[in-house]
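K.L.:
The NADP(+) binding site annotation in Swiss-Prot covers 13-37 and is backed by similarity to another entry. Taken from Swiss-Prot, the feature N6-succinyllysine applies to Lys72, Lys78, Lys95, Lys101. Feature annotation from Swiss-Prot assigns active site, proton acceptor to Tyr149. As annotated by Swiss-Prot, phosphoserine applies to Ser172.
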Amino acid sequence: MAAAAAGEARRVLVYGGRGALGSRCVQAFRARNWWVASIDVVENEEASANVVVKMTDSFTEQADQVTAEVGKLLGTEKVDAILCVAGGWAGGNAKSKSLFKNCDLMWKQSMWTSTISSHLATKHLKEGGLLTLAGAKAALDGTPGMIGYGMAKGAVHQLCQSLAGKDSGMPSGAAAIAVLPVTLDTPLNRKSMPHADFSSWTPLEFLVETFHDWIIEKNRPSSGSLIQVVTTQGKTELTPAYF
């Protein structure tokens with residue numbers, strides 16, 4: 001791609017742009033002089049533009065609000081990538097008192113954001129563009145100790161594969177790819193698990209660089225791929241998950 005080789009400024013939407021990974025994406029792509037918009041419940045001052053998500057218990061309200069505001073922001077402009085890096089974690093088995101609350105939270109953090117990002121891709125992503133979704137390696141199997149998390153991430157995986165199918169509504173040549181990490185090396189994770197083996201955690205910079213490569217179509221997996229992100233003794237590898 002001549003444009004990529006020339007270092008053309010790209011346009012990217014980061015859903016979850018104030019989270020640990022989202023903030024790194026905004027920083028890194030702004031440093032390349034790309035136009036980067038953050039979509040989150042709070043503004044990211046480093047972003048080129050912001051869409052602030054209103055907190056609500058109604059999915060349709062939130063989806064309509066974000067869709068309308070992104071539409072106003074972009075107009076007829078298309079973006080090169082939509083990176084959905086929103087999410088969170090909550091534990092609990094089927095007997096937990098917090099089961100319903102945690103399932104609700106996981107659904108909002110993972111499925112609401114992924115579904116809205118997917119719809120935004122059908123409206124605003126360039127042909128040949130990139131949509132990434134945040135899955136989880138753990139959700140390739142049963143997750144009895146974190147029921148809500150596993151269900152939500154499993155749904156993200158299914159969504160990703162659906163978007164890759166014929167007549168999904170995605171732009172021509174665009175790719176939907178889910179990244180399935182184990183544990184990301186974030187300040188919050190270090191604080192909550194201070195005695196863990198950090199050499200098995202994935203550095204945020206690795207994912208940022210991976211997204212960059214995929215945006216410029218370098219080593220980009222095929223649409224619908226579920227890419228496991230596994231770090232062992234400080235070395236991170238990307239491996240497709242097969243069923």
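From the backbone N, Cα and C atoms, a Cβ is placed for every residue, glycine too.
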K.L.:
Can you tell me which of the recorded positions Leu21, Cys25, Asn33, Lys78 is spatially closest to the residue listed as 'active site, proton acceptor'? Compare CA atoms only.
P.N.:
Leu21
K.L.:
Please state whether DSSP places Phe29 (NADP(+) binding site) in a helix, a strand or coil.
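P.N.:
DSSP call for Phe29 (NADP(+) binding site): helix.
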K.L.:
Among Lys78, Lys95, Ser172, these being the modified residues, pick the one whose CA is nearest to that of Phe29 (NADP(+) binding site).
P.N.:
Lys78
K.L.:
If you count, for each of the recorded positions Asn33, Ser172, the other Cβ atoms lying within 10 Å of its Cβ, which residue has the minimum?
P.N.:
Ser172
K.L.:
Sort the modified residues Lys72, Lys78, Lys95, Lys101, Ser172 by C-alpha distance from Cys25 (NADP(+) binding site) and give me just the closest.
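P.N.:
With Cα distances computed to Cys25 (NADP(+) binding site), the winner among Lys72, Lys78, Lys95, Lys101, Ser172 is Lys78.
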K.L.:
Measure from the CA atom of Lys78 (N6-succinyllysine) to the CA atom of Asn33 (NADP(+) binding site) and give the result in Å, rounded to a whole number.
P.N.:
17
K.L.:
CA-CA, which of the recorded positions Leu13, Leu21, Ala37, Lys72 lies nearest Lys78 (N6-succinyllysine)?
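P.N.:
The answer is Leu13.
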K.L.:
So of all those modified residues, Lys72, Lys95, Lys101, Ser172, which one's Cα sits nearest to Ala37 (NADP(+) binding site)?
P.N.:
Lys72
K.L.:
What number of additional C-beta atoms lies within 10 angstroms of the C-beta atom of Lys95 (N6-succinyllysine)?
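P.N.:
I count 7 other Cβ atoms within 10 Å of it.
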K.L.:
Would you count the other CB atoms within 10 A of the CB of Leu21 (NADP(+) binding site), including those on all shown protein chains?
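P.N.:
Its Cβ shell of radius 10 Å holds 24 other Cβ atoms.
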K.L.:
Let me check the 10 A CB neighbour count of Tyr149 (active site, proton acceptor). How many other CB atoms are there?
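P.N.:
The answer is 25.
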